[in-house]
Ligand code: WT7
């Protein structure tokens, strides 16, 4: 039985404990329903109320939602604010400057506490240094940094002066970095000499140098380098500067630049089903509002809580739930530089124990990989650590199979912590469908119900609602404040990707399939319905990997599909036709390794195919269309039961079906 089928047959229900409900922000299903109904009744009033209560405005808004240029919506448009002021100054002004904002644990275990006062000063210094270098409101700054306090400081410093940041995950290749620098039109790049992961130093500055040398990004005048390891780096005089040197003599005060609510807060690239990655453009007020609000609702975050989100700042989760959400509400959070298996696979549990974490948020793929090791080695099993401070657990990024859910619940949550399985996307800015820890009865593998104000639904190919119990396309029926505003530089693509004509042009198309339970109406996500793969919670376009493969001089043709994988959720399988004859045996192995490394260089190690199969051709219809459905079956090792009579070359299936 596949993970999805077993979710659909899941009968276990875990109601919230009295302890979880007591004092929760949303303390039961009645409270949830009241909020959801309020949003239905007075949609704009609902959102306006939250925006007034949760954010500090320099100039209050008078308009709420403007739909006149749909699907280019605006929210709170005439209001003015600054995200960095909301995340830092207002807590310091309220006398909480000595509270810890970030408890940073380095790869080697060194712990550094950063208070709100410290963070404000560091952000202000860098903001002043950026201004001195001519970075101004509306400019784009690319950030290519490891998990570090400096990463958060860089993001906050940009938004403090009204610059829009675009963070590129430190695992991306120079080519991926170059494409993003060019597309976003960056004027500056903030990077590090190296990053430390699992005891190893990995280069960043040299990759950044390569990316800049690849051309198209001549507008980048400044490269600011955080010295993490002291490793040797090449230096371009006049362009490169050490972060610690340029902030040294800057003032620790920097007046925030007040921006309009719709001013782009950040642009974050993500994969789609076609073409190059899309620059998902987020607004200042809407995204900050929802990051803060969901900290309160989904995580029930209260004073005294210690929050830990294990995501990297290079992904949306690290934006909304490290760099913005926790800071916007004045929380204390743990931030971790390293990897969950170094120096041993009990690192997460050891850190929860050490820092007395109360709310822990991670990806199913991490849980699944830790199950394997800890069931084999008691020393690194969560039961060997004191996890009694934990009160809420969360997951994000991919479906969690009920087995992993139960293990997480029993072993990490000691059977006592609600698990919030949060469904959302880069484009949604924050949580969309998720349990509420003090309200929602949990069903393993289901993300349960939409948050108040989020009009999620399941429809058919024409945009009509399907009855509960019947699978369909996941959509959102009304705009919400934290939704993306545009695809950077490509409004047409924004419209066609997210508001397709086939669905009537008004529904937000998430790209996932979903089904709602007949009785409860709970949502279960069935995975992507487009050519997007989810490998370890990382989003990859099959087309991107295919383009990378065919860019190799040996390759004539390539098709990439996903295959379910016990640990990574999905694994990349590539079917490749070489320009020369089909390789076999050791030669096939050697070329496969070469191609895998090639993809690593072209995109980044996360995109490397797990399995590469060579054929003399690919299965095609007589009109030349590659039959991906068949490739998916072959990748899974399934017997082909489909009708193959329309295939031009059925014999090819035998060749591609055999495991390498
Ligand atoms: C895609 C979005 C959400 C931030 C990290 C990933 C999948 C995400 C869940 C979940 C099932 C999930 C979807 C979605 N996804 N959360 N709780 N259950 N699937 O953001 O890279 O933009 O990817 O991740 O397929 O469309 P992203």
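Cβ coordinates come from backbone N, Cα and C, glycine included.
Among 377, 512, 565, the residue that TrEMBL places alongside 397, 398, 399, 421, 422, 423, 424, 425, 426, 528, 539 at the ATP binding site is 512.
The 10 Å shell around the Cβ of residue 426 (ATP binding site) contains 19 further Cβ atoms across the protein chains shown.
Listed in sequence order, the recorded positions near residue 317 (CoA binding site) (C-alpha within 10 Å of its C-alpha) are 426, out of 399, 422, 426, 528, 625. Calculated from their C-alpha atoms, the gap between residue 625 (N6-acetyllysine) and residue 200 (CoA binding site) amounts to 45 Å. Neighbour density around each Cβ, counted as other Cβ atoms within 10 Å, peaks among the binding-site residues 198, 199, 399 at 399. Counting Cβ atoms from all protein chains shown, residue 200 (CoA binding site) has 11 others lying within 10 Å of its own Cβ.
For the pair formed by residue 198 (CoA binding site) and residue 397 (ATP binding site), distance between Cα atoms is given as 23 Å, rounded to the nearest Å.
Between the two most distant C-alpha atoms of the annotated ATP binders (397, 398, 399, 421, 422, 423, 424, 425, 426, 512, 528, 539) there are 18 Å.
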